[in-house]
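Notes for the one structure printed next.
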Amino acid sequence: MATSLSVSRFMSSSATVISVAKPLLSPTVSFTAPLSFTRSLAPNLSLKFRNRRTNSASATTRSFATTPVTASISVGDKLPDSTLSYLDPSTGDVKTVTVSSLTAGKKTILFAVPGAFTPTCSQKHVPGFVSKAGELRSKGIDVIACISVNDAFVMEAWRKDLGINDEVMLLSDGNGEFTGKLGVELDLRDKPVGLGVRSRRYAILADDGVVKVLNLEEGGAFTNSSAEDMLKAL
């Protein structure tokens, strides 16, 4: 059961009274601590020991709230080169494209999703860029590409399922090479769905391969990497 321990220092006394109380039928036990003990404590110190399950949840919340979302890449950096793949829809052949050739001399939006056919990616993230592709291009964007740690065959099947034509390129980072160079790996090996190591969700605006905007999500969250967010940044 939970136990509450409260320590308070009385300004008019040379000792501190410590009360230990259990929430059920156990009586309250009080004793007076020696002055040497109280001097080692900061004034108005309060310690509380709660049920471990509650503590764990609150600690997790604090961690998400205070831990900065970081990556190896940052605004002002040149995008690392890497080879991505896709299926040519007219021939079914596997084609490759390098990040450098995709971005050289162009304004490019690269956005990543944790996985093809996953709910948020299929229902919100990719369709948002498809629907806003015209607006983005009217503001000077030359290339819009979605990257995922899936193989090229899965990405092509996903493209067909979403009914995408040439609005957005769906590119495979099958081995996670580009994802690793950016430092945005998402380790999902402890999850039961078998996703393994994927990419965190992000959206990057690059001008001639140099990062101008980097909207990086915590894991697979979807809060600041949408097409609307990129339109606001232009």
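In case you wondered, yes, glycine gets a Cβ from its N, Cα and C as well.
Sequence annotations record features per position, and here Swiss-Prot assigns active site, cysteine sulfenic acid (-SOH) intermediate to C121 based on similarity to another entry. Residues or ranges marked as domain 'Thioredoxin' by Swiss-Prot: 73-234. Annotated phosphoserine per Swiss-Prot: S82, in sequence order, evidence recorded as a large-scale study or a structure entry. Taken from Swiss-Prot, the feature transit peptide covers 1-70.
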Study note, to complete from the structure: Whole-Å Cα distance, the residue listed as 'active site, cysteine sulfenic acid (-SOH) intermediate' to the residue listed as 'phosphoserine', is 23
Point to revise | Averaged pLDDT score, the domain 'Thioredoxin' (73-234) | key: 97
Point to revise | Helix, strand or coil at the residue listed as 'phosphoserine' [DSSP, three-state] | key: coil
